[in-house]
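Trainee: Quick one: this structure, given as structure tokens, is what I'll be asking you about.
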């Protein structure tokens, strides 16, 4: 799709709208209105990312560790407050870097470098959903191999991914571990979301929504509760990943692990144990 300046301005107008919604409700106008558009966008992503991380994390912990105590997890499987505070500390330090990635992706979209389109009505509903499915398959493939290489390439594991794998037992994992990465590690694992923009036509706001849904999804797969919903790569699978280090690298589904021989089923683990 050829994009002229008038069309590209639709993306700028849309990001400016999102900036105003978030920043005007969280900060005095004197703190952000004078900032360049790129910095406004980063500040919006940073504040929204923190809110999403803390709200989803606290609500999920309150539900599974307090309201449903001994329903989903026994008392001895609940992580300590110290472990969760450590995870929060790692995530908060990395958040400025994490939120730089969607900011850069929005800049590239506004510049016309990607295949993003501005309005859902520009394509048919069939193409809209086919594009989302294709986008998610590419993201799943990219995250699987990025995650696997972060384990297989020893310097990458030692200097980047090991930060996340200090949480290697059920009673050390919590929803707050979902974003407790070295900042470069977190960016690398989210990078397929951005690379897919150059391959698949995707609706701009849908892309942003999927990218920020990562915060909720990663909280979910670190709660150690096996939902057993095929073919979802739920927390039961991901807990095995944290304890064996060589299985279940996938993100949303088990398909990539099944295709490339790294799948380990938590139900079979229970039978064997």
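The backbone N, Cα and C atoms fix where each Cβ goes, glycine too.
Just so you know, TrEMBL annotations are computer predictions that nobody has curated.
Heads up, here are the entries from TrEMBL:
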- 133-262: domain 'Fatty acid hydroxylase' (DOMAIN)
- 46-66: transmembrane segment (TRANSMEM)
- 125-146: transmembrane segment (TRANSMEM)
Trainee: Which sequence-distant residues neighbour the transmembrane segment (125-146)? Criterion: at least 6 residues beyond either end, Cβ under 8 Å.
Mentor: 188-189, 191-193, 195-196, 199-203, 206-207, 210, 249-253, 255-257, 260
Trainee: Mind tallying the domain 'Fatty acid hydroxylase' (133-262) by DSSP state, helix then strand then coil?
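Mentor: Final tally across the stretch: 89 helix, 3 strand, 38 coil.
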Trainee: For the domain 'Fatty acid hydroxylase' (133-262), what is the mean per-residue pLDDT, to the nearest integer?
Mentor: 91
